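Undergrad: Pasting the feature list from Swiss-Prot:
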- 1-319: region 'Ribokinase' (REGION)
- Asn195, Leu196, Ser197, Glu198: ATP binding site (BINDING)
- Asp264: active site (ACT_SITE)
- 344-476: region 'Cytidylyltransferase' (REGION)
Amino acid sequence: MKLTLPDYDQASVLVVGDIMLDRYWYGPTGRISPEAPVPVVKVEQIEERPGGAANVAMNIAALGGHVHLVGLTGIDEPAKALNEKLTSLDVRCDFVSLPDYPTITKLRVMSRGQQMIRLDFEEGFHGVDKGLILPRLEQSLTHVKTVILSDYAKGALEHVSAMIKLARDAGKPVFIDPKGTDFERYRGATLLTPNLSEFELVAGKVTSDDELVEKGFELIERFDFEALLVTRSEHGMTLLQKGQAPLHLPTLAQEVYDVTGAGDTVISVLASSVAAGKSLADACKLANAAAGVVVAKLGTSTLSTIELTEAIYGSQDSGYGVIAETELKQAVSVARQRGETVVMTNGCFDILHAGHVAYLAEAAKLGDRLIVAVNSDSSVQGLKGPGRPVNPEDRRMAVLAGLGAVDWVVPFTEETPQRLISEILPSLLVKGGDYKPEDIAGGKEVIAAGGEVRVLSFEDGCSTSKIIEAIRGGKG
C-alpha cells in the first residue's frame, strides 16, 4: 500500500517548549578588518524566523494543521516579532511574558552560504514558577489530539514530568524532542526523537543496527516509553515500538545544506500526522521524507504539503505506477503546481497489444504526465460479457504501469470513467477509435473546466477481441 498524506486540517497539536527567535544577517565579504584578523561582512539583508518550539509550531501550520503554542518569552521587541510572525501564520500563541527575562534570540551572520558567527542573546528561564505554564497546558488539552514538548534546556520544560502526566492522564499522545542525558524526566512519554549522538549519551556507543535496536528497547522498557525514533543523519531513522519489529528508514535527502531545525520538522510532521489519523509507522515515514526536504534549505525552515508529496512520490522518469484514486488526486495536484500538462485516457486493456502501445505512446507525447484509467474486472464483465476479462485487473494494471509512456494507472469500478474524469479534470482527455469528442465519457466536464478532448487513431489490424478469438480458435 502506497503512503499518502493525511488531511492535516484534521490535525490539532499543542506545542509546549523553548521559544526562540532566529535572526539572519546576510551579506558579501571580501576583505579582512584592519582592526582584527576577522572578515568584514557588509550586511545587505536581514531575516527573522521563529526558532525552537516556535519553529515546530510554524512547521505544523505550514502543513495546514491547527496548532497552539505555549512558552516563555520576555516583554521585548523579539517577543513582539515572534507573536506577529506566528499569528500571521495562524499559530495560536499563548506566551507567558516575563519582564525580567529577555526572549531567547540567536543571531547568525551569513556570507557566501556559510555561517560566519552566531551570537546568542539569552539568560534562560530556569527557576520559573511551574504555575505559569502548567495551567495553560491543562486548559489546552481538551482542544488538541497530540502534544509536542520541545526541549532545548532553556527552562520552559523544567517541570516536564508534570506536563507528561497531565497530557497522558487526558489520553493525549506526548512526543518529545529531548535534550541532555536525563531521560528519567521524560518517563511515560509516548515517543522520544533523540538523534544518534543524544541516544548514545544515554544508551552507550552503538556499532551496529542490532546493537542500536537492543539498547533502544532497553530504554523503552526502563523509562516506560511507547516508542523511540532515533534520527541517524545519513543513515536515516530507526523506529522502535513496544511489541513491534524495528523499522529502519533510509535517508531520502538528496543534498544536505543545513541541518538547523531539521529535528523540529521531524517531530512536527510526526505528531501532526498522528493527529490526522496516521499510524505511528506511517507518520515516521512522512517525517523521514520531510527531513530530506528541509536539510536542503538554509536555516530553520518549513515545508509545504506539495514538497512533502513530491518527496514521497519521488520524481522517477518512468512514472509512479499503479495508484489509488486518493493518491492520484494528490499527485496530479503536485503536477499542476509544477506547471505540467496532465493527459488522461481510459480502457479495459484486457490483452495489451501493439495498437495499445502505439496509442499510449502518442497520448504521452501530448503532455507531461499520462494517466490511464482501467476498468475493474466487474466493469469489464458488464461491458464485454461472460468470459471477460481474460486478465484480472491487477495484472492488466501492472503491465500498463511497466510502459515508459505511462505515469499513473488507476482503476475504476463504474461502467464508464465519467465520475473519475470529472474529479481529476485533466488538461487533455484522449480516446482512441471512432468516437466524437462530445460522446467521450467525461469530455463535457473536461471542456467545461477549460480542458481539451482529442480522439486518436488506433493502429489498423489490432483488436483485443480478434486476438482472443484467434487464441480460442487455436490460430496465431
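Each Cβ is built from the backbone N, Cα and C atoms, and glycine gets one as well.
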Undergrad: Between Asp264 (active site) and Glu198 (ATP binding site), how many Å separate their Cα atoms?
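TA: The separation of the Cα atoms works out to 15 Å.
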Undergrad: Per DSSP, what is the residue tally for the region 'Cytidylyltransferase' (344-476) in helix, strand and coil?
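TA: The composition, in the requested order, is 53 helix, 26 strand, 54 coil.
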Undergrad: Inside 8 A of the center formed by the CB atoms of Asn195, Leu196, Ser197, Glu198, which other residues of the chain have their CB, for the recorded ATP site?
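TA: Residues close to the ATP site, other than Asn195, Leu196, Ser197, Glu198: Pro194, Phe199, Glu200, Leu201, Val230, Thr231, Arg232.
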Undergrad: If you draw a 10 Å sphere on the Cβ of Leu196 (ATP binding site), how many other Cβ atoms land inside?
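TA: Looking across every protein chain shown, the total is 16.
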Undergrad: Report the member of Glu198, Asp264 (the recorded positions) whose C-beta atom has the most other C-beta atoms within 10 angstroms.
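TA: Counting Cβ neighbours within 10 Å, the top one is Asp264.
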Undergrad: According to DSSP, does Glu198 (ATP binding site) fall in a helix, a strand, or coil?
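TA: Where Glu198 (ATP binding site) sits, the three-state DSSP reduction gives helix.
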Undergrad: Taking Asn195, Ser197 as the binding-site residues to compare, which has the smallest set of other Cβ atoms within 10 Å?
TA: Ser197
